[in-house]
Every structure is written in C-alpha cells, then in structure tokens.
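Since the structure comes first, as structure tokens, the remarks are kept for the end.
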Amino acid sequence: MNPTPLPSLQKSQFYPKKKHFDNNNKRSDHHHHHHQHQHHQQQQQQQQQQQDRFADAKIEDFVGKLYELCKDQNGCRFLQKKIEEKENGEKNLEIVFDEIHPHFTELMTDPFGNYLCQKMLEKCNHDQRTVIVETVAPELVKIALNMHGTRAVQKLIEYLSTPGQIKMVIAALTPNVVTLIKDLNGNHVIQKCLHRLSSDNNQFIYDAVCDHCIEVASHKHGCCVLQRCFDHATNAQKDQLVEEIARHALPLVQNPFGNYVVQYVLELGVTRYSESVIQQFVNHVCILSVQKFSSNVIENCIRTAQPPTRRLLIAELVNQSAMEKLLHDSFANYVVQTSLDFADEDQRAELVECIRPLLPTIRTTPYGKRIHSKIFRDTKSKPQSMQQQQRPTKHDDFGHHFEQGGEPSYQ
C-alpha cells in the first residue's frame, strides 16, 4: 500500500514557535529540516520495499488480494506488466479478470485503477469485454463524467468488438447525451463515439442534439461537439442538423458560442444550407448588426449570400435614420463597410446616397476615413487595383492608410 503521508499539521506546528524562540530559530529550522529529511528517507525506503515486493513476484502470489493491488500505484503497474507479458499475458489476464471484473465500475474512476482497466479493455477477448460492458453499463454515465473515468470509457468505446456491446453502450448513454456533451469530461466520450462508431450507431447523438439544439449550441463544450457532429455526419444527418440550427438561428447568432455554430454552417459552402440560415435574418439585419457576436455573422452573410438574398439584407440598411445609428456603432460600421464592398452597382449607389450626408458626423471616428475612401473610390476614375484595397482586421488603426491617391481628406 502507499506509505502514509506526513500529517499536514506537521509543518505548521514548527512555525508558530518562532515567535517565542527567536534566538533558537536556526536550531528549530535545523531540527525541522532534519526531521523532513528523515521522513523523506523513510518514504523512499518504503517505496523501494514496495517495488521490491513486486520485483520477482508472480501474479499467483497475490490471488485474493488483486483488488487492493489495483488501487496502488506500484501494484497497478505490476499487474499491467503481467497482462502484457508475451508468454503468460493471456493466462495472467484471466486471473486478474476473474477476480476484479465485479469491481470494474469502481476501478474505472480510480486514479491508478483506471489505467489497469484501460489495459484490460485493450487486451481482453470478446467474451470478457462483453462481461465488462454488462457490468459497467448501469453506471456508464457516472463514470464518463469522472476525470479518471472518462479516459477508461473512451478506451472502452475504442475497443468495442461486437454489435451487442455497442448496443449496450448506446442504451446506457442515450438518456444523458446532453448532460455528457455539456460536461468537461463527458463531452470527450460523445466525441469518441462520433469518431469510432458508425453513422447509424451514432444516430442517438444527432437526435439528442437536434431535440436540444439551443441548449447544446449555446454551450462552450456543446458548440464544439456540434461542429464535430457535422464532421462525422451523413448527408441525411447534416440535413437534420441544419434544419434545427436554421430554425433557431436568430437566438443562436446572438450567443457567444451559438454564433460559431451558425458560422460553421455558412462555411460548409452548401448553398441550400446557407440560404436556409440567412433567410432567418431578413427583417432583423439592423438589430443584429449592432451586436458583437451577430455582427460578424451578418458580415459573413452579406459576403456569401445569393444575390437576391444579399439585396434583401442590404436593403434594410438603406434608411437614413437606421444608417446614422449603424455608422456610429462600433460593430455595425463593419457591416456597412462590407455592404459597400459586396453590393451590386445599383444598390451600392443607394447606399452611397444614404451615407454621404452623414459623412461629416463620423469624421472623428477611426473608421470614418475608411468609409469615406470606399465611397469616393467610384467618383474618382481610379485604376481598378487601387479600388480593391485590403479590408483591415477589426483591430487595425485605419488613420494613416488612406492619405494616398489624392482623395478628399477631412483635415
């Protein structure tokens, strides 16, 4: 067994004395270090004895005590080595399996035992693995939520070897998919299923995610798992996901995590998917443009929408009172800039007419010159290459970029 650690009181027992025995500080310190050193030596000796105990041992020496061994660092290592032996590995595994499989649930969440569980899942035969799955299935969710257990459950999923085992695991996880997805440890178990099981076998994940779309997509782990769902989906499963995401696109796009899921759908580059999402934003463009998360997505929509849909989106900006608010907003002004870049000729002219009277009011803003230069790029007959100026990142300081080309300056 592990050596008993020094009681945590020990240290603090020395320090208060210093107040009373100032002259004896050094002696007290020396005594303290000497004591620590002695204790350290004792620990090392005990550890050495522990390791020696296993040096030439056979697994038969420990029959009846194997469960205790599993929860001890050295014991656990010893058993892993024995299971991996070329000659007797299989026989040793059988001895360990017979004695500890009833305790598998507890060992999967043990800081040391979980490593032995992983090794056994890797090495055991179909029948043994089936017994293990039957044993742990009732507690599988609880194990998956545990920091040690999650690794053992991932290993279990990796080595599932019969349709019966897969069925049992799916049945165990199905009622709690959303809980697992939203958990720091559990989400990796769902990702392992996506990665390792067939699309058909993973349908339970797609059903749960679609039934709880907003809850999953607007969660920090959920939004990542949802993106992985797309990566492993059949076309039918993608259709199923997009239908739900489009249905809830308006709340999702305003959420710090949900907006990534909406962007992800747009970036798939499938026109019917993008259009079904973008249609949800028609009649909401101005309000979405002034919000941090959704303004990014609206810019993206204006870039990627089909021309008729793009016209609908930009039309909402061509309105004097709305435009004044948008131009002065630290997020929406980027939507206006993107619209100037992507609008067709007629609509661009409408935008320019709407913005021109408001230009003096934004001369002091960092993006004023940027918008000014976009608007006047047509009125000067400049070469095409000069018109295609690089769009800045949001953090750029635009101040000094646009003095060239003899454009009217506010100074």
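We count from 1, first residue shown onward.
Cβ atoms are placed via backbone N, Cα and C, with glycine included.
Summarising the annotation, TrEMBL assigns region 'Disordered' to 1-54 (among others).
TrEMBL lists 28-40 with the feature compositional bias 'Basic residues'.
According to TrEMBL, the feature domain 'PUM-HD' maps to 40-379.
Summarising the annotation, TrEMBL assigns compositional bias 'Low complexity' to 41-51.
The residues of the repeat 'Pumilio' (61-98), classed with DSSP into helix (H, G, I), strand (E, B) and coil, number 29 helix, 0 strand, 9 coil. The annotation repeat 'Pumilio' is assigned in TrEMBL to 61-98 (among others).
According to TrEMBL, the repeat 'Pumilio' annotation covers 99-134 (among others). Residues 63-64, 66-67, 70-73, 75-76, 79-80, 83-84, 89, 93, 143, 146, 148-149, 151-153, 155-156, 158-162, 164-165, 168-169 of the same chain sit 6 or more residues outside the repeat 'Pumilio' (99-134) yet have a Cβ under 8 Å from a Cβ within it.
Note on the repeat 'Pumilio' (135-171): mean pLDDT across this stretch is 99. Marked as repeat 'Pumilio' by TrEMBL: 135-171 (among others).
Summarising the annotation, TrEMBL assigns repeat 'Pumilio' to 172-207 (among others). Taking Cβ pairs closer than 8 Å, the repeat 'Pumilio' (172-207) reaches residues 137-138, 140-141, 144-147, 149-150, 153-154, 157-158, 160, 166, 215-216, 219, 221-222, 224-225, 228-229, 231-234, 237, 240-241 in its own chain, all 6 or more past its ends.
Look at TrEMBL and you will find 208-243 (among others) tagged as repeat 'Pumilio'.
The annotation repeat 'Pumilio' is assigned in TrEMBL to 244-279 (among others).
Long-range contacts of the repeat 'Pumilio' (280-315) within the same chain, counting only residues at least 6 positions beyond its ends with a Cβ under 8 Å from a Cβ of the stretch, are 246, 249-250, 253-256, 258-259, 262-263, 266, 271, 274, 322, 325-326, 329, 331-332, 334-335, 338-339, 342-344, 347, 351. Taken from TrEMBL, the feature repeat 'Pumilio' covers 280-315 (among others).
Cβ atoms under 8 Å from those of the repeat 'Pumilio' (316-353) belong to residues 282-283, 285-286, 289-292, 295, 298-299, 302-303, 307, 310, 361-362, 365, 367, 370-371, 374-375, 378, 391, 394 of the same chain, restricted to positions at least 6 beyond its ends. According to TrEMBL, the feature repeat 'Pumilio' maps to 316-353 (among others).
Annotation comment: TrEMBL describes 376-411 (among others) as region 'Disordered'.
Annotated compositional bias 'Polar residues' per TrEMBL: 382-391, in sequence order.
The compositional bias 'Basic and acidic residues' annotation in TrEMBL covers 393-404.
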